[in-house]
Amino acid sequence: MRKNKLLLSILLLFVFSMFLVACGGANDDKKETNDADNTNDEATEDNATEDSGDFSVAMVTDTGGIDDKSFNQSAWEGLEAWGEEHGLEKGAAGYDYAQSEDDSDYLPNFTRLVKNDFNIIFGIGFLLEDAVADIAEQNPDNYFAIVDTVVDAPNVASITFAEHEGSFLAGVAAAMKTKTNKVGFLGGVDSDLINKFEVGFVAGAKSVNPDIEVQIQYAEDFNAVDKGKLIASNMYNSDIDVIYHAAGNTGNGVFAEAKDIKRNDPDREIWVIGVDRDQHEEGLNEDKSASVTLTSMIKRVDISVHEVTNAAMAGEFPGGETIVFGLEDEGVSVAETNEDAFTEDIRSAVAEWEEKIKNGELDVPKSRAELKEFEEGL
Amino acid sequence: MTTNRLFNILVPLFSVLIGLLAGAIIMLIYGYNPIEGYAALWKGAFGDLYFFGETIRQVTPYILTGLAVAFAFRAGLFNIGAEGQVIAGWLAAVWIGTSIEAPIYIHLPLAIIVAALAGALVAFIPGILKAKLGVHEVIVTIMFNYIALYSANAIIRNVLTEQADKTEKIAATASLSSEWLATFTSYSRMHYGILIALLVALIMWFIIEKTTIGFEIRSVGFNKHASEYAGMNVNKNIILAMIISGAFAGLAGSMEGLGTFGNMSIQAGFTNLGFDGIAVALLGANTAIGVILAAILFGVLKVGALNMPTEAGVPSELVDVIIAFIIFFVASSYLIRWILLRFKKGAK
């Protein structure tokens with residue numbers, strides 16, 4: 001008897017779930033036809049690899065995901081723009097992404113995309129270096145690309161940026177803006193890449209005013225908003241009035257803290273310099289009348305991804321090469337969105353230094369050792 | 001007794017079923033097709049040999065962290081520190097793997113044993129604090145997670161390398177991965193660690209069920225004071241349970257270091273292996289066989305989830321929701337017991 005009741009309840013659960021599934025059936029058909037299209041496309045793709053109409057591209061994010069308001073998002077925007085340019089849709093026949101929840105997800109994600117016959121697959125961020133090296137070795141006939149670091153393999157294109165140059169200009173802007181002669185730098189994880197931001201920023205600030213004090217701190221985490229807020233709070237309390245962050249999501253804590261301070265004391269002049277994308281919106285106050293974002297060091301990951309994809313599509317995949325996006329090709333730049341704060345003085349000073357870097361008059365240091373030499377030469 | 005045992009099996013089964021059903025309902029609410037979603041999940045975990053291999057790879061550390069937490073649970077201790085012990089074990093395994101040259105039959109066992117010792121050491125301190133001073137192990141183990149994480153990062157950066165983000169790869173003689181397994185599963189990272197995990201599960205079962213130590217540990221878990229009255233050394237058993245628990249978690253770390261990754265990077269955050277181990281132990285009702293089954297489920301869900309966005313357009317985060325539901329229902333097992341008892345009463 002008891003058994004019967006149990007059986008009955010399980011049966012009921014089943015019927016119930018079937019019913020629900022039937023409800024969801026409406027958009028089912030559409031999806032299936034889509035799938036059918038995809039398989040057709042894939043079939044033709046195998047036959048005619050040269051035909052540019054069948055080109056598909058995908059990317060693997062690091063643990064940040066495509067809504068990280070930073071370079072994963074920027075890369076995805078690049079792919080979306082590319083898809084729009086060629087009239088393609090998200091999916092196996094156009095462009096797609098795979099999100100990684102954990103370090104161990106990188107390789108399975110790459111493998112799945114390889115199995116789905118994507119023509120070129122991007123790894124976004126230096127965390128994926130090992131995974132890209134492994135997958136490229138296992139699939140010598142596929143194209144891969146990595147952003148922010150270098151993988152030496154004939155079928156991998158390495159995309160790097162001259163972050164130190166952009167950060168130098170951010171440093172110039174910070175030094176022009178500060179009234180206390182104290183500025184701060186908040187890094188994500190202490191690593192070669194983030195050191196480039198730090199060193200460029202310090203060099204830029206000291207070029208304007210050698211006596212300026214730059215406080216440097218690392219959160220050791222790209223995803224800890226609370227830590228970012230705490231560090232920002234300490235910095236602002238010790239008279240620092242401009243903070244440049246290169247800390248991904250952690251940097252959102254800096255914006256939160258700056259906005260909190262402004263809310264309590266609207267007259268206090270404090271600023272944040274954003275990173276990777278134009279973070280003007282992150283700094284807007286409640287009525288959207290003013291932003292604490294002085295400027296942002298923009299890194300056009302989207303342009304780089306877009307260009308490399310187009311090159312691969314045209315049969316000119318830069319395999320084995322390292323492509324550096326710098327000030328000249330607008331791979332890095334500083335945002336001028338906040339016109340109230342980013343005054344004419346600052347704009348012209350930044351333009352002046354930018355010119356010096358572009359024509360080779362000034363060599364911006366890339367590492368702490370180079371910075372030491374640079375400071376001695378000031 | 002039989003009904004109790006029946007409940008111990010039924011509660012997790014029901015929780016999994018309800019969890020999956022809840023996941024299906026959520027997919028429906030947001031306009032996804034749950035059948036497609038679950039089909040993609042299944043395919044992502046077992047679709048071909050590669051993904052099968054990756055699933056086993058993910059299951060391996062889950063079994064070990066699950067066993068670690070379960071073992072401490074049996075002694076009435078809540079080892080939240082499995083996470084930190086995993087990191088310690090990972091670091092120790094990689095340290096031995098990169099710095100020593102020895103033939104494989106010495107190098108590999110040495111790396112594994114040192115990883116277990118490292119995990120045990122990290123767990124020993126909360127154990128002795130609990131035993132001697134009565135400091136609550138939950139607080140201490142949580143704090144030790146951070147100590148382990150940041151110490152490991154500092155050691156990687158300053159001792160094992162010169163300011164680099166990750167260590168060298170371990171020597172081939174310390175590696176658990178095999179050419180044969182990799183070729184067989186078309187380059188998945190499946191490694192021999194799964195055998196170690198299963199062996200450790202057997203050891204845990206043996207210690208708990210068949211030895212005096214296990215009897216004492218269970219006894220302390222049921223009632224400390226009664227055990228003391230019966231002449232058992234409660235303090236010794238608490239410390240011992242923590243050490244063995246930590247050793248299991250340390251082994252889980254060595255699976256990552258010697259098998260999956262072959263090196264260790266600066267960890268920006270926790271690996272979550274230890275925290276997921278708590279859920280695995282809970283779902284597995286703190287028994288060796290239960291932990292293995294629960295670890296398989298978690299491994300399948302985690303690896304399969306990665307396929308859901310590409311194939312069915314369902315966000316992979318959904319699996320976290322399903323897992324949360326499963327844990328919720330296991331934790332509220334009282335509710336399920338009550339429902340089942342109602343059925344039973346009705347039948348009478």
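The backbone N, Cα and C atoms fix where each Cβ goes, glycine too.
The shown structure was predicted, so the numbers you read here are calculated from the model rather than taken from an experiment.
It is B:238-261, from the ranges B:142-165, B:238-261, that TrEMBL records as transmembrane segment. Listed by sequence, the residues of this chain that lie at least six past the ends of the transmembrane segment (B:112-129) yet keep a Cβ under 8 A from its Cβ atoms are 68, 77, 79, 81, 84-86, 88-93, 95-96, 135, 137, 140-141, 144, 148, 196, 238-254, 257-258. At the 8 Å Cβ threshold, with sequence separation of at least 6, the transmembrane segment (B:321-340) comes into contact with the transmembrane segment (B:7-32) through 3 or more pairs.
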